[in-house]
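Positions annotated as zinc finger by Swiss-Prot: 262-278. Residues or ranges marked as N6-acetyllysine in Swiss-Prot (evidence: a large-scale study or a structure entry): 286. Annotated region 'Disordered' per Swiss-Prot: 408-508, 907-951, in sequence order. Taken from Swiss-Prot, the feature compositional bias 'Basic residues' applies to 416-426. If you look up Swiss-Prot, you'll see 445-458, 467-485 marked as compositional bias 'Polar residues'. Sequence annotations record features per position, and here Swiss-Prot assigns phosphoserine to 448, 471, 475, 482, 487, 501, 678 (among others) based on a large-scale study or a structure entry. Sequence annotations record features per position, and here Swiss-Prot assigns omega-N-methylarginine to 847, 851, 947 (among others). The feature asymmetric dimethylarginine is assigned by Swiss-Prot to 847 (among others), with a large-scale study or a structure entry given as support. The annotation compositional bias 'Basic and acidic residues' is assigned in Swiss-Prot to 920-938.
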């Protein structure tokens, strides 16, 4: 999930890190879809080596999208996932590795957050279903129109959790998908593909980071590998910085707020379930042929360049006159660590640090002021120096009281402005709004009479008569609004607002008033603030959490069992004496098994994904762990406005009690359930042209059961071990499609094998530093001393990945195409929206015309109706431009001169006009062929040139 609002804050503070993706769309010819050839150079002017997919960020929007109707069944969900991966692949076009990672069993520290999310999702889903049924009954009772309710099972997104049948089926589908692409897509032919499905323990993004860390530790690793990671979580940014790779890019879908969402009752856009009135759907198109079209556009992708973010951070964190050598890599690690205080997936954020209030900037300023006293950096390769952190936190604690007061002042000021705004709107709005056919509308609005009603007044009158005749409940004093809904003939009386402001949630802590610390501990922890021992325990747990999270980001999971046992965080002023606290963790811990994790994170409403005897433990009143599964629970808004921002007060799961209860039901598992309950590993795939393919086939021929080292020279330096896969995909064996609508692979040439990353000792420390031989990318940001050192040269900003990329130019054929397809103006032969090419146009992409003018009609034949060249010229070409008084006739066109001197060539199938044979823009205030006055030029003629001869 990451840190809420972190990406928005980051992209606003450091805008140059964002680059829009250039995406080549598939083409369609005669009804046949032509896929994108990903083997061609990347249109983004950059070549990526490795692409990593955090698959859960793909699975969720494909299975239950928010901006379009959901897939009808599981098969459609799988196809949607395949298409989404194809889009990403065609944008990034990796040349070495594709790594797909699905969330497996998470550490215990993450399970608390997963448990909260799933309980919330179940509760909100049940409430939404009840509300939907209530509104449906009300609408039908009033005679409203609703489409028949489909009898289908509601998709429970909680099934996207390791151990469920859905995730097991997804792994099978992805195996088929990879084999299909390796067989048929030229962009995949030399690619190494690794799939880490839900059976492999660990979160998806951390499995990716663990792979990168272990490969970087190998002596033959390429330090200039260009990585691209796909995911929308904000913590991916910090994980990417933690790798210290010079070439690291994140691709994510661009967030666009206020996307239209269809109503769950009538499937129409523009309102929610609570506002649904059951009105008939407006016909789209003459014959309703556009009924299935959606008003939402396909999402766009953006690149986030971490190398540019590193430049920003280097500028911001650079400090002079330090008592120790400045190291930008260490300072970036400290910045990542400070971001943990404003929130992460494992710890609640400190009450005084809100990212929307500039908490990170405040921490950085305090860090730069205090670092001279600390004597060094806060972190080193994932380990925290608590003595130095204590100095930072106590400095934050000194300003906590002023932070709370300023927050209250800002909130009060915002409420006053909103109240004044509502008063102005109420004062400016008329109390009486006319309606009906003659309703006045603003000019140019979509609902104006000229756009809808007046376009066919007879049809509107007919519909009104039919509506009145067929609806006895509608009185004669009723008219119809532009959307077809009945409204009083005289108009609509606007309802007075019930209140000037929304009710504010009750806040018993009141952090802005004296005594805030005592009230906080009493309300949140139910203890007295004077209980120093308890406060020390809370701070100790939070400090352990900070150390655990940093080590998780830089070294891997320090303990699978540790978790923060409270719902709330302490204050920064409570961090006194943390230098003496221990930050060691129990070694040798193991992750939960998949079904055990389901029991720890699922509510009873999602028990259908568990074996029968297991789910009984969730609902049986006599169950020893029934208290883990409350049917309802409180949500503490904790000073926030919306429920999703609040804290779900769920009981923590006691691991010992849970395991003891499960021991009694373990014998009830079937062989299939036992298989799904086991932990798995990664699988590597290659195609027939990959150098590693023959080596893998030899392993299957020998039947060796011992792990074999991967030859790095055959797969771009990747190291690890191979072991035979019991469910292997092998050549000359049919790969059956798990999706009925997709074909089987009868001539398979791909091969798969189990893969394991290089192993290290438990106390091994991965160095958080840039590798020797790594080359930093060219600087993107404008140097601070540019004005002094540039000798008057103008700074040229870099808009994409390549500073030397050529600007986009259109050749003469493209301009002619625009001239043909652009709507024409009225009254004269002009293209109203076509800009003239510049007279000195010399595009880098210029190419001379094909030999023989007879080829031009063939070239344009796919853009014009058939045989359009044989008929008389269109009206806009029959019009003759008026020549200036005394002007001489034009000389004939000289191809040789044109080819030598011009990037544009006259088109003999069009009239002569401006440069390149293009007519000028229409100008009603001027006459003459080039916009000159009709009485002729007022200045001497220009000298003759080889390009045009006007005489």
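Glycine is treated like the rest: Cβ placed from N, Cα and C.
For residue 678 (phosphoserine), the Cβ neighbour count at a 10 Å cut-off comes to 11, with all displayed protein chains included. Mean predicted confidence for the zinc finger (262-278): the pLDDT average there is 71. Mapped onto three states, the DSSP output places residue 678 (phosphoserine) in coil. DSSP labels the residues of the compositional bias 'Basic residues' (416-426) in these numbers: 11 helix, 0 strand, 0 coil.
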